[in-house]
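The feature carbamoyl phosphate binding site is assigned by Swiss-Prot to Arg59, Thr60, Arg109, His142, Gln145, Gly294, Pro295, with sequence analysis given as support. Taken from Swiss-Prot, the feature L-aspartate binding site applies to Lys87, Arg182, Arg253.
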Amino acid sequence: MQIWPHKHIHSLANFSIKDYESVFELANRFDALKNSGTKKIPALQGTLVTSLFFEPSTRTKNSFELAAKRLSADVQTFAPSSSSLTKGETIIDTAITYSAMGADTLVIRHSSSYITFEIAEKLDAINSKTSVLNAGDGLHSHPSQGLLDIYTLIKFFSKNTLNPGVLNSKKILIIGDVNHSRVARSNLWALSAFGADIILCGPETLIPDEFTNFLKTPAPNQIEDPVKSRGCITISRSLEESIKIADAIIVLRLQKERMMENLLSSIDSYSLDYGLTSEKLSLNNKEIPILHPGPINRDIEISSKVVDQYPNCLINNQVSNGIPIRMALLYLLQKNNQ
């Protein structure tokens with residue numbers, strides 16, 4: 001395995017192919033250990049992972065904490081409502097405080113885009129050894145979700161082996177609220193890195209035309225594009241036509257808590273046009289994989305019948321795969337600091 005080059009993980013925009021492969025190979029090894037009956041290993045014994053979640057979370061928060069515990073790390077959790085934030089302390093000072101307590105990795109979720117960059121810069125300025133791992137920041141990025149989504153697709157298409165080349169030229173359809181989705185942005189970087197052709201489908205209020213240029217926009221602190229050959233992004237307004245040619249589908253929920261104005265005429269009309277149903281899926285002559293990062297709004301962006309009965313609905317696979325992916329990220333960051 002290559003030497004891990006990152007002290008902090010903010011975004012997949014700065015990931016090279018070797019970075020992806022390092023994460024996937026290590027996650028696969030951790031997954032194999034679990035499947036053999038070994039649920040806990042001493043890889044990070046004596047280290048401290050601190051979970052700083054300023055937004056609600058079920059999957060990501062618990063997945064990171066379980067990942068840390070399976071590596072035998074100590075886990076410190078944070079509750080905003082009972083912290084000094086209520087007394088006026090800043091988020092950055094909170095992070096510095098936990099670093100001073102000995103946190104080796106801060107896993108951070110917050111509503112402000114790019115906040116993890118600010119925190120990491122402050123920590124580095126005081127020569128802290130603490131790593132920062134972005135667990136979702138505003139509209140910007142959700143790298144661990146992007147990684148687990150691509151890992152799930154690779155395992156599906158390569159029949160549970162690990163061949164990232166299987167995504168090359170695959171048509172991956174992403175449906176819904178791309179504009180307000182940090183998951184979608186991470187998926188765009190990761191899918192394109194492996195040569196997938198991406199179709200974004202939804203109304204213009206949720207997928208503006210400029211998303212076709214997304215991959216041409218430099219990421220913060222990105223000196224050069226680490227991946228030279230990418231797939232392409234196209235935009236469709238017809239879900240039915242998009243489903244006909246898709247090799248896989250990623251469904252996004254409506255991020256109503258991030259919408260600053262009413263962008264839809266009604267939820268019912270959105271569901272009618274862009275909700276994924278068994279009837280619409282029947283337009284594709286293959287049983288293609290369906291992903292959703294959760295939480296699900298049943299019978300709005302995806303029908304309960306698809307979630308519960310469609311044979312290649314991989315939502316639970318995503319949740320399961322999130323644990324070894326996050327184990328890999330925590331392990332790589334800590335080994336970088338040793």
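The backbone N, Cα and C atoms fix where each Cβ goes, glycine too.
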| said: Considering Cα atoms only, can you say which of Lys87, Arg182, Arg253 is the nearest neighbour of Arg109 (carbamoyl phosphate binding site) among these binding-site residues? | reply: Arg182
| Neighbouring binding-site residues, C-alpha within 10 angstroms of Pro295 (carbamoyl phosphate binding site) - of Lys87, Arg182, Arg253 | Arg253
| Beyond Arg59, Thr60, Arg109, His142, Gln145, Gly294, Pro295, what residues of that chain have CB atoms within 8 A of the centre of the carbamoyl phosphate site's CB atoms? | Ser57, Thr58, Ala135, Gly136, Val183, Pro293
| task | Looking only at C-alpha atoms, tell me how far Gly294 (carbamoyl phosphate binding site) is from Lys87 (L-aspartate binding site), rounded to the nearest Å. | result | 33
| remark: Across Thr60, Gln145, listed as binding-site residues, the smallest other-CB tally within 10 A is for Thr60
| query | Within 10 Å of the Cβ of Arg109 (carbamoyl phosphate binding site), how many other Cβ atoms can be counted across all chains shown? | reply | 24
| Do you know which of the binding-site residues Lys87, Arg253 has the most other C-beta atoms within 10 angstroms of its C-beta? | Arg253
| message | Radius 10 Å, atoms counted are CB only; among the binding-site residues Gly294, Pro295, which position scores highest? | response | Gly294
| message | The record lists Arg59, Thr60, Arg109, His142, Gln145, Gly294, Pro295 as binding carbamoyl phosphate. What's the largest Cα to Cα distance among them, in Å, rounded to a whole number? | response | 16
